[in-house]
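*Asks:* Got a structure for you, questions after.
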(Lines of atoms letter the chains of each structure in order from A and count residues from 1; the text may use other names and numbers.)
(Lines give C-alpha, C1' and ligand atoms only; values in the text may rest on other atoms or scores of the structure.)
Protein backbone atom coordinates (compact mmCIF):
# COMPACT_ATOMS: atom_id res chain seq x y z
CA UNK A 1 0.00 0.00 0.00
CA UNK A 2 1.36 3.47 -0.90
CA UNK A 3 2.38 5.76 1.91
CA UNK A 4 -0.40 8.20 2.75
CA UNK A 5 0.10 11.90 3.35
CA UNK A 6 -1.21 13.49 6.55
CA UNK A 7 -4.56 14.53 5.08
CA UNK A 8 -5.20 11.09 3.57
CA UNK A 9 -4.27 9.48 6.88
CA UNK A 10 -6.66 11.80 8.72
CA UNK A 11 -9.43 11.02 6.22
CA UNK A 12 -8.88 7.29 6.75
CA UNK A 13 -9.22 7.75 10.53
CA UNK A 14 -12.56 9.52 10.08
CA UNK A 15 -13.81 6.84 7.66
CA UNK A 16 -12.61 4.00 9.89
CA UNK A 17 -14.25 5.62 12.94
CA UNK A 18 -17.57 5.82 11.03
CA UNK A 19 -18.09 9.49 11.94
CA UNK A 20 -20.22 10.25 8.83
CA UNK A 21 -18.12 13.33 7.98
CA UNK A 22 -15.36 13.90 5.49
CA UNK A 23 -12.06 15.40 6.65
CA UNK A 24 -12.71 18.89 5.27
CA UNK A 25 -16.15 19.11 6.90
CA UNK A 26 -14.86 17.89 10.26
CA UNK A 27 -11.87 20.25 10.29
CA UNK A 28 -14.11 23.18 9.31
CA UNK A 29 -16.59 22.26 12.05
CA UNK A 30 -13.72 22.02 14.55
CA UNK A 31 -12.44 25.48 13.61
CA UNK A 32 -15.93 27.03 13.86
CA UNK A 33 -16.55 25.50 17.30
CA UNK A 34 -13.08 26.62 18.42
CA UNK A 35 -13.78 30.21 17.33
CA UNK A 36 -17.13 30.18 19.16
CA UNK A 37 -15.52 28.82 22.33
CA UNK A 38 -12.68 31.33 22.08
CA UNK A 39 -15.08 34.26 21.65
CA UNK A 40 -17.34 33.05 24.48
CA UNK A 41 -14.40 32.51 26.85
CA UNK A 42 -13.03 35.96 25.93
CA UNK A 43 -16.35 37.59 26.88
CA UNK A 44 -16.57 35.60 30.14
CA UNK A 45 -12.97 36.36 31.06
CA UNK A 46 -13.52 40.06 30.30
CA UNK A 47 -16.58 40.11 32.58
CA UNK A 48 -15.28 37.89 35.39
CA UNK A 49 -11.49 38.25 35.38
CA UNK A 50 -11.18 41.85 34.14
CA UNK A 51 -7.46 41.64 33.46
CA UNK A 52 -5.14 40.38 30.75
CA UNK A 53 -5.46 36.60 30.61
CA UNK A 54 -4.70 33.62 28.40
CA UNK A 55 -8.00 31.90 29.21
CA UNK A 56 -9.43 32.37 25.68
CA UNK A 57 -6.26 30.93 24.16
CA UNK A 58 -6.12 28.00 26.61
CA UNK A 59 -9.79 27.06 26.21
CA UNK A 60 -9.68 27.47 22.42
CA UNK A 61 -6.53 25.33 22.19
CA UNK A 62 -8.10 22.64 24.39
CA UNK A 63 -11.26 22.49 22.26
CA UNK A 64 -9.32 22.49 18.97
CA UNK A 65 -7.02 19.67 20.12
CA UNK A 66 -9.97 17.55 21.27
CA UNK A 67 -12.02 18.17 18.12
CA UNK A 68 -9.20 17.58 15.66
CA UNK A 69 -7.86 14.64 17.67
CA UNK A 70 -11.25 12.95 18.13
CA UNK A 71 -11.02 10.79 14.96
CA UNK A 72 -7.65 9.46 16.10
CA UNK A 73 -8.96 8.74 19.60
CA UNK A 74 -12.00 6.91 18.23
CA UNK A 75 -9.78 4.95 15.85
CA UNK A 76 -7.43 3.97 18.69
CA UNK A 77 -10.38 2.82 20.79
CA UNK A 78 -11.62 0.62 17.95
CA UNK A 79 -8.13 -0.82 17.36
CA UNK A 80 -7.78 -1.57 21.06
CA UNK A 81 -11.09 -3.49 21.06
CA UNK A 82 -9.99 -5.43 17.95
CA UNK A 83 -6.65 -6.35 19.54
CA UNK A 84 -8.48 -7.46 22.68
CA UNK A 85 -10.58 -9.96 20.69
CA UNK A 86 -7.90 -10.95 18.20
CA UNK A 87 -6.36 -13.80 20.21
CA UNK A 88 -9.77 -15.46 20.68
CA UNK A 89 -10.47 -15.06 16.96
CA UNK A 90 -7.16 -16.70 16.05
CA UNK A 91 -7.89 -19.59 18.41
CA UNK A 92 -11.29 -20.04 16.78
CA UNK A 93 -9.65 -20.05 13.34
CA UNK A 94 -7.22 -22.75 14.50
CA UNK A 95 -10.07 -24.92 15.79
CA UNK A 96 -11.98 -24.48 12.52
CA UNK A 97 -8.95 -25.48 10.44
CA UNK A 98 -8.33 -28.51 12.65
CA UNK A 99 -11.89 -29.61 11.88
CA UNK A 100 -10.92 -29.75 8.21
CA UNK A 101 -12.53 -26.53 6.94
CA UNK A 102 -10.92 -24.10 4.48
CA UNK A 103 -9.30 -20.72 5.17
CA UNK A 104 -12.38 -18.96 3.87
CA UNK A 105 -14.62 -20.96 6.22
CA UNK A 106 -12.36 -20.08 9.15
CA UNK A 107 -12.56 -16.39 8.28
CA UNK A 108 -16.33 -16.64 7.90
CA UNK A 109 -16.55 -18.13 11.39
CA UNK A 110 -14.91 -14.99 12.75
CA UNK A 111 -17.15 -12.71 10.69
CA UNK A 112 -20.26 -14.49 12.01
CA UNK A 113 -19.07 -14.45 15.63
CA UNK A 114 -19.66 -11.71 18.17
CA UNK A 115 -16.25 -9.99 18.04
CA UNK A 116 -17.63 -6.51 17.48
CA UNK A 117 -15.67 -4.40 15.01
CA UNK A 118 -13.27 -7.28 14.31
CA UNK A 119 -16.16 -9.30 12.87
CA UNK A 120 -17.21 -6.32 10.73
CA UNK A 121 -13.72 -5.88 9.30
CA UNK A 122 -13.38 -9.60 8.63
CA UNK A 123 -16.73 -9.53 6.82
CA UNK A 124 -15.34 -6.81 4.54
CA UNK A 125 -12.31 -9.01 3.83
CA UNK A 126 -14.63 -11.90 2.92
CA UNK A 127 -16.54 -9.67 0.51
CA UNK A 128 -13.28 -8.88 -1.26
CA UNK A 129 -12.60 -12.60 -1.57
CA UNK A 130 -16.05 -13.12 -3.05
CA UNK A 131 -15.41 -10.30 -5.52
CA UNK A 132 -12.39 -12.17 -6.88
CA UNK A 133 -9.46 -10.84 -4.88
CA UNK A 134 -6.93 -13.36 -3.59
CA UNK A 135 -6.46 -14.14 0.10
CA UNK A 136 -3.21 -12.19 0.38
CA UNK A 137 -4.74 -8.99 -0.98
CA UNK A 138 -7.93 -9.28 1.10
CA UNK A 139 -6.05 -9.86 4.36
CA UNK A 140 -3.51 -7.18 3.45
CA UNK A 141 -6.27 -4.58 3.09
CA UNK A 142 -7.80 -5.89 6.33
CA UNK A 143 -4.52 -5.24 8.17
CA UNK A 144 -3.99 -1.82 6.54
CA UNK A 145 -7.49 -0.67 7.49
CA UNK A 146 -7.03 -1.57 11.15
CA UNK A 147 -3.55 0.01 11.16
CA UNK A 148 -2.25 -1.95 14.13
CA UNK A 149 1.33 -3.18 14.32
CA UNK A 150 0.17 -6.30 16.13
CA UNK A 151 -2.46 -7.12 13.48
CA UNK A 152 -0.11 -6.40 10.58
CA UNK A 153 2.65 -8.63 11.94
CA UNK A 154 0.19 -11.44 12.61
CA UNK A 155 -1.24 -11.25 9.08
CA UNK A 156 2.28 -11.34 7.60
CA UNK A 157 3.08 -14.50 9.60
CA UNK A 158 -0.27 -15.99 8.59
CA UNK A 159 0.30 -15.36 4.88
CA UNK A 160 3.89 -16.64 5.02
CA UNK A 161 2.67 -19.83 6.71
CA UNK A 162 0.08 -20.37 3.97
CA UNK A 163 2.73 -19.89 1.26
CA UNK A 164 5.16 -22.30 2.92
CA UNK A 165 2.48 -24.95 3.44
CA UNK A 166 3.10 -25.17 7.19
CA UNK A 167 0.54 -26.47 9.66
CA UNK A 168 -1.48 -23.30 9.95
CA UNK A 169 -3.70 -24.46 12.82
CA UNK A 170 -0.70 -25.06 15.10
CA UNK A 171 0.87 -21.75 14.13
CA UNK A 172 -2.40 -19.91 14.77
CA UNK A 173 -2.63 -21.39 18.27
CA UNK A 174 0.91 -20.25 19.05
CA UNK A 175 0.23 -16.78 17.66
CA UNK A 176 -3.01 -16.59 19.66
CA UNK A 177 -1.09 -17.29 22.87
CA UNK A 178 1.54 -14.69 21.98
CA UNK A 179 -1.10 -12.08 21.15
CA UNK A 180 -2.90 -12.79 24.42
CA UNK A 181 0.37 -12.42 26.34
CA UNK A 182 1.20 -9.15 24.58
CA UNK A 183 -2.22 -7.70 25.35
CA UNK A 184 -1.92 -8.80 28.99
CA UNK A 185 1.50 -7.15 29.26
CA UNK A 186 0.02 -3.96 27.80
CA UNK A 187 -2.78 -3.94 30.39
CA UNK A 188 -0.35 -4.77 33.21
CA UNK A 189 1.75 -1.79 32.18
CA UNK A 190 -1.25 0.48 32.60
CA UNK A 191 -2.08 -0.92 36.03
CA UNK A 192 1.56 -0.80 37.17
CA UNK A 193 1.91 2.86 36.20
CA UNK A 194 -1.32 4.04 37.84
CA UNK A 195 0.45 5.71 40.77
CA UNK A 196 2.89 7.55 38.50
CA UNK A 197 0.01 8.59 36.26
CA UNK A 198 -2.03 9.93 39.18
CA UNK A 199 1.03 11.78 40.48
CA UNK A 200 1.39 13.56 37.13
CA UNK A 201 -2.32 14.45 37.18
CA UNK A 202 -2.06 15.84 40.72
CA UNK A 203 1.18 17.74 40.13
CA UNK A 204 0.42 19.03 36.64
CA UNK A 205 -3.29 19.74 37.01
CA UNK A 206 -3.69 20.69 40.68
CA UNK A 207 -0.53 21.36 42.71
CA UNK A 208 1.41 23.45 40.18
CA UNK A 209 -1.63 25.62 39.23
CA UNK A 210 -2.38 26.03 42.95
CA UNK A 211 1.14 27.36 43.56
CA UNK A 212 1.00 29.61 40.49
CA UNK A 213 -2.32 31.01 41.70
CA UNK A 214 -0.89 31.74 45.15
CA UNK A 215 2.13 33.51 43.63
CA UNK A 216 -0.12 35.53 41.33
CA UNK A 217 -2.43 36.57 44.19
CA UNK A 218 0.53 37.72 46.32
CA UNK A 219 1.90 39.70 43.37
CA UNK A 220 -1.52 41.30 42.84
CA UNK A 221 -1.85 42.36 46.49
CA UNK A 222 1.67 43.82 46.64
CA UNK A 223 1.05 45.61 43.35
CA UNK A 224 -2.14 47.18 44.74
CA UNK A 225 -0.34 48.33 47.89
CA UNK A 226 2.72 49.81 46.17
CA UNK A 227 0.82 51.63 43.42
CA UNK A 228 -1.05 53.76 45.98
CA UNK A 229 2.06 55.89 46.49
CA UNK A 230 2.89 56.29 42.80
CA UNK A 231 2.08 58.99 40.28
CA UNK A 232 -0.44 58.37 37.50
CA UNK A 233 2.28 57.64 34.91
CA UNK A 234 4.07 55.30 37.30
CA UNK A 235 0.79 53.54 38.11
CA UNK A 236 0.16 52.95 34.40
CA UNK A 237 3.66 51.53 33.91
CA UNK A 238 3.27 49.34 37.01
CA UNK A 239 -0.09 48.04 35.77
CA UNK A 240 1.42 47.14 32.39
CA UNK A 241 4.31 45.35 34.11
CA UNK A 242 1.90 43.46 36.39
CA UNK A 243 -0.25 42.37 33.45
CA UNK A 244 2.85 41.17 31.63
CA UNK A 245 3.95 39.17 34.68
CA UNK A 246 0.47 37.63 35.06
CA UNK A 247 0.44 36.63 31.38
CA UNK A 248 3.93 35.19 31.78
CA UNK A 249 2.77 33.04 34.71
CA UNK A 250 -0.19 31.74 32.68
CA UNK A 251 2.07 31.03 29.69
CA UNK A 252 4.39 29.06 31.94
CA UNK A 253 1.35 27.21 33.29
CA UNK A 254 0.38 26.20 29.74
CA UNK A 255 3.93 24.97 29.05
CA UNK A 256 3.89 22.98 32.30
CA UNK A 257 0.55 21.37 31.39
CA UNK A 258 1.80 20.40 27.92
CA UNK A 259 4.90 18.81 29.45
CA UNK A 260 2.80 16.94 32.02
CA UNK A 261 0.40 15.69 29.34
CA UNK A 262 3.26 14.38 27.21
CA UNK A 263 4.84 12.58 30.17
CA UNK A 264 1.48 11.10 31.18
CA UNK A 265 1.01 9.71 27.69
CA UNK A 266 4.51 8.21 27.63
CA UNK A 267 4.10 6.66 31.09
CA UNK A 268 0.62 5.28 30.41
CA UNK A 269 0.75 4.34 26.73
CA UNK A 270 4.44 4.28 25.82
CA UNK A 271 3.86 6.89 23.09
CA UNK A 272 3.02 10.60 22.90
CA UNK A 273 -0.04 10.26 20.65
CA UNK A 274 -2.54 9.91 23.50
CA UNK A 275 -1.42 13.27 24.92
CA UNK A 276 -4.08 14.86 22.68
CA UNK A 277 -6.65 13.80 25.27
CA UNK A 278 -4.55 14.38 28.40
CA UNK A 279 -3.38 17.90 27.54
CA UNK A 280 -6.84 19.49 26.98
CA UNK A 281 -8.28 17.94 30.16
CA UNK A 282 -5.24 19.04 32.19
CA UNK A 283 -5.41 22.50 30.63
CA UNK A 284 -9.02 23.06 31.68
CA UNK A 285 -8.40 21.62 35.16
CA UNK A 286 -5.23 23.67 35.64
CA UNK A 287 -6.86 27.01 34.76
CA UNK A 288 -9.85 26.31 37.01
CA UNK A 289 -7.56 25.48 39.96
CA UNK A 290 -5.30 28.42 39.12
CA UNK A 291 -8.07 31.03 39.25
CA UNK A 292 -9.76 29.49 42.28
CA UNK A 293 -6.43 29.63 44.11
CA UNK A 294 -5.74 33.15 42.89
CA UNK A 295 -9.04 34.64 44.05
CA UNK A 296 -9.37 32.68 47.29
CA UNK A 297 -5.81 33.46 48.45
CA UNK A 298 -6.04 37.02 47.15
CA UNK A 299 -9.33 37.60 48.97
CA UNK A 300 -7.88 36.21 52.18
CA UNK A 301 -4.81 38.47 51.92
CA UNK A 302 -6.89 41.57 51.23
CA UNK A 303 -9.20 40.71 54.11
CA UNK A 304 -6.28 40.48 56.52
CA UNK A 305 -4.94 43.94 55.62
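Including glycine, each Cβ sits where the backbone N, Cα and C put it.
What TrEMBL lists as domain 'Type II secretion system protein GspF' is 90-211. Sequence annotations record features per position, and here TrEMBL assigns transmembrane segment to 21-48, 54-73, 194-212, 244-264, 276-297.
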*Asks:* Looking only at the domain 'Type II secretion system protein GspF' (90-211), how are its residues distributed among DSSP helix, strand and coil?
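*Replies:* Across the domain 'Type II secretion system protein GspF' (90-211), the residues distribute as 104 helix, 0 strand, 18 coil.
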*Asks:* Go through the chain and flag residues at least 6 beyond the ends of the transmembrane segment (21-48) whose CB is under 8 A from any CB in it; none is fine as an answer.
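*Replies:* That would be 7, 10-11, 14, 55-57, 59-60, 63-64, 67-68, 71.
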*Asks:* Restricting to the domain 'Type II secretion system protein GspF' (90-211), report the mean pLDDT as a whole number.
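*Replies:* Within the domain 'Type II secretion system protein GspF' (90-211), the model's average pLDDT equals 85.
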